[in-house]
Amino acid sequence: MGQGASKIFGKLFSKKEVRILMVGLDAAGKTTILYKLMLGEVVTTVPTIGFNVETVEYKNINFTVWDVGGQDSIRPLWRHYYQNTDALIYVIDSADLEPKRIEDAKNELHTLLGEDELRDAALLVFANKQDLPKAMSTTDLTERLGLQELKKRDWYIQPTCARSGDGLYQGLDWLSDYIFDKKNKKKGKKR
């Protein structure tokens, strides 16, 4: 009896483990976002050569976030981080209006979404640097990134400012809700 109650208690109150792959073009703000979520403050960053991995606890979920560098020469290495990814956070610099960069961001995103190992991963797009005067709106970015074309993938775009933290937790709220909904749907299918 005691052992059964302890198992139920453990399942109710244990933290869910979720593996997140956070990618995007260089200088989009990925590392700033990671450490703002983890430490609650802005840290001085340098371009990520390789990856940073940290655990962010939020809403009884341990998000293990793999922040992988976005330089052109590093992007082919992203595929080494796909395995067991539950969700993808794609960070875009909303104020980078250079057409080639926007096209590169779209192409890289759609390449990721075409990968078999990421077929079940939810997509959260952080439209970062919304505090800058010429930042594109989420509506504009949705169109430019071709998000409306994603019919078989759960996705959400959240305006953010990594430095102030604006929008970051709203994005994690969507991700948390998605994960719990997905978990409950799986339970329902087993019956």
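Every residue gets a Cβ built from N, Cα and C, even glycine.
Note that the coordinates shown come from a computational prediction; the quantities given were computed from them, not determined experimentally.
The N-myristoyl glycine annotation in Swiss-Prot covers G2, and the record cites sequence analysis as its basis. For 24-31, 67-71, 128-131, the entry in Swiss-Prot reads GTP binding site, with the evidence type similarity to another entry.
Annotation note: K30 (GTP binding site) sits in a helical segment as assigned by DSSP.
Non-local neighbourhood of G24 (GTP binding site): K30, G70, Y90, V91, I92, D93, A105, E108, F126, each in the same chain, at least six residues away, with C-beta under 8 Å from its C-beta.
Under the DSSP three-state reduction, V68 (GTP binding site) is assigned to strand. The binding-site residues Q71, Q130 differ in how many other CB atoms lie within 10 Å of their CB, and the one with the most is Q130. Over all protein chains present, the Cβ of K30 (GTP binding site) has 28 other Cβ atoms lying within 10 Å.
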